[in-house]
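A.B. asks: Questions regarding the structure given below will be posed in turn.
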C-alpha cells in the first residue's frame, strides 16, 4: 500500500515535466506579446488540470440551447462586422449601368506564351530586306501637304462615310453630315450624269449595261442549289411550339437567364450589359440540353452564346474525376486561340473549369502535357484534335457531353468532311451538339451526318445580310486590272494611320507581293495567310491589334470569326467566290453595333457583278446600311502605277533574297535535325509511331479532289450531288443466281443468245 502511494505522485511529476517541456517548445516557436503571456500561463495551468482529471462532460438540454444561442450570436456578430467592412451578405448581382462593351477590354489575346514554344524558330526578317532596298521610309511624311489636300477632297469623293473614321468632330450630330452628303450626291449626279467612270451616286444606279442581261440568271455565285422543303424542315427540326416559351421570350438582362453568380461575375468582367438577340434566344435552349442550329450576323456575340451555357452546365459536374466534357471545333487556328481566350475570361471566377488548346502549328509536346490533365473544355482544329485523340496518352473523349462547331457551314464543306466524320465516330453518340455560324445556310442533307436529334433552329437575322452600321463602297475596275495595285496604294494613302484596315486577296502569293510592293512605297503593312508559320501568323495579328502595323493584307483565313476591335475599313482587293464569303469578309468591321465601311474592287466577271447585285438587294430590302459608288482619281492612280513599275525589279530582287535566306535556314534546321537523330537515336526509336486515319496518298488524293471541287462550277457540283443521291441499282445475290439457273437462264445480265 505504501509503495502504491509513493509511485502515484512520481507519475504526476513526470507528466507535469513533459507538459512543461512542451510549453517551453511552444514558447520557442511563437513570439509572445506582453499582454498575452499571463493569459497563456493561465490557460496552460487549466490544461494541466484537465489532463489530470479527464472526465466526459454531458450537456443538459438547457446547456445545449444555450450553446446554440451562442452560435447564433456569433453569426450575428460576423454579419455586423461584414456590414461594417462594406460587405452585404444579401448581395444580388446586378449588371445595370454597365456599358455594352467594356472600354478597358482591348480585344482578345493572340500572344503565345513562351512556355508554349520553347524552341523559337528563326524566320526571315522581310522588313530588314525591304529597308536595305530603300523601302519603309515613310514617304508620306514628305507629302503632308498633299495628304491634307487629299483628305479635304475625300469628303467630296466618298459618299456617306462621315462618322466612320472619316473626320467627324466629337459631339457633332451624326444626322447632319448624312443630309449634307445626300445634297452633295444629288448635285454631283446632276453635274456628271455623262461621266463614263460613274459618279458619286447610289450603287444601284451605277450598274453596268451588261448587268441587265444577267437579271434572268443570277450567275454561278448566287446559285446555291435546291432549298429544303417545308416537309423536310418539319421532319428534321424540332417543332416551334415546343420552344416558344424559350425562344420567343426577350431577355433584356442576364439576370433573367437565371445564371449562377460566378458566370455573372465573368460576364461583368467583360463589361456586357444585356444579352444580344442570339444570346437571348440560344442560351435558354442550350441550358435545356437540346441540339441547336443557330445563325446570326458577324459580331453579334455568338462565341459568348455557347460559352456561357457551357460554363453554367459545367458548374454542376462531378469534380471528383477529371474528364473532358466539352469539345469546341473551329476551322482556323486563330479562331481557336480567340475562343480559348474568350472562354478563360468568362470563366475567370468559375472554379474547377480549365481550357485546353489543340491546334496545329504550336508545340505538340506542350499540348500533350496539357491534355494529359484532361481539361474540362478542349478547343481545337479538326486535324490536330484527331492527332491527339489517337496518339496522346491519357487523353480520351469518352466523357464528352457537348460538341460545339463554330463556323459550322465552313466545317461542313468538303475540305473538312473526312476529319469531321472521323471525329463523330470518336465522340459518344449521346451528346448535345451546338452549331453556330454567321451564314448558316447548310442544307438538311449536310446536317444529317452530324447525328443531330431534333435540333432547334434559331435564325436571328435574315440570311445574306451585312451589319446595319456598314457602308459598302464599290469601285468599277472595268478593263484596268493592271492598275489594281496602284489603286490600292492610292486608297491606303488616304487612310488615317491610326485606323486599322484589312485587305482581302484571293491568293497568298498576291498577299506577299503586295506587302513587299507597299513596303517599298513606305506603307507599314503586315500579312496573314497559310504560307506563314503559326508563330508568324500570331505575331501579325498581335502587331495589327496593337496598331504597330495599321494595315493587314490576308487571305480568307482571317475572314471568319476573328474579332479584332475597331477595324474601320475592309478592302476587297480580289472579289470573293460567293456572297456568303463576301459577308464574312465585310463582317470584320462594323461589329457589335459599331460603324465601318468596306471598299470592293469589282471586275467585269459575271460572278463579281452578281455578288454586288446581291449586296445592293440586301441593303434595299433590309433598309439598313448603305451601298454606294466610289469616285477614283485615275490620273493619280496612273502616276502611282508608273512608280510601281519602276520598282518591279526591286520586288523580284527582294523575293530572290528572301528565298535564299529561307533555304539557308532550312539547311541549318536539317543539320540540327540530323545531329539530334544521332544524339538521341535510342530515345527517338523508342517512341511509339504516330498513327493517322488517312495515309499520305489518301490525304493527297483528298486535297486534289478538294481543289477540283473548288474550281468546278455550281452546275457540275449539283450534278455530282444528284448522282450521289440517286437510288442504287439492285444487285443480284447468290440466291437470285441459283434460282435463275434453275429456271434455265444463264448467270449474269442480258438475254440468252
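Glycine residues also receive a Cβ, built from the backbone N, Cα and C atoms like all the rest.
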A.B. asks: With Swiss-Prot as the source, identify the stretch among 398-401, 402-405, 406-409 annotated motif 'DEAD box'.
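C.D. replies: Of the candidate stretches, Swiss-Prot labels 406-409 as motif 'DEAD box'.
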A.B. asks: For which of the residue intervals 252-280, 281-309, 310-338, 339-367 does Swiss-Prot record motif 'Q motif'?
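C.D. replies: My reading of Swiss-Prot: the motif 'Q motif' range is 252-280.
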A.B. asks: Go ahead and report the DSSP secondary structure tallies for the domain 'Helicase C-terminal' (487-636): helix first, then strand, then coil.
C.D. replies: 63 helix, 30 strand, 57 coil
A.B. asks: Could you name the residues, excluding 296, 297, 298, 299, 300, 301, 302, 303, of the same chain that surround the ATP site, i.e. Cβ within 8 Å of the Cβ centre of those residues, in sequence order?
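C.D. replies: After dropping the recorded site residues, what remains is 276, 278, 305, 438, 591.
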A.B. asks: Residue 299 (ATP binding site) has how many other Cβ neighbours within 10 Å of its own Cβ?
C.D. replies: 20
A.B. asks: Determine the mean pLDDT over the domain 'Helicase ATP-binding' (283-458), rounding to the nearest whole number.
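C.D. replies: Summing pLDDT over the domain 'Helicase ATP-binding' (283-458) and dividing by its length gives 90.
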A.B. asks: Do any residues, 6 or more residues outside the motif 'DEAD box' (406-409), come within under 8 Å Cβ-to-Cβ of it, and if so which ones?
C.D. replies: 293, 302-303, 306, 328-331, 335, 339, 435-442, 560-561, 580
A.B. asks: Pull the DSSP breakdown for the motif 'DEAD box' (406-409) and write it out as helix, strand, coil residue counts.
C.D. replies: 2 helix, 1 strand, 1 coil
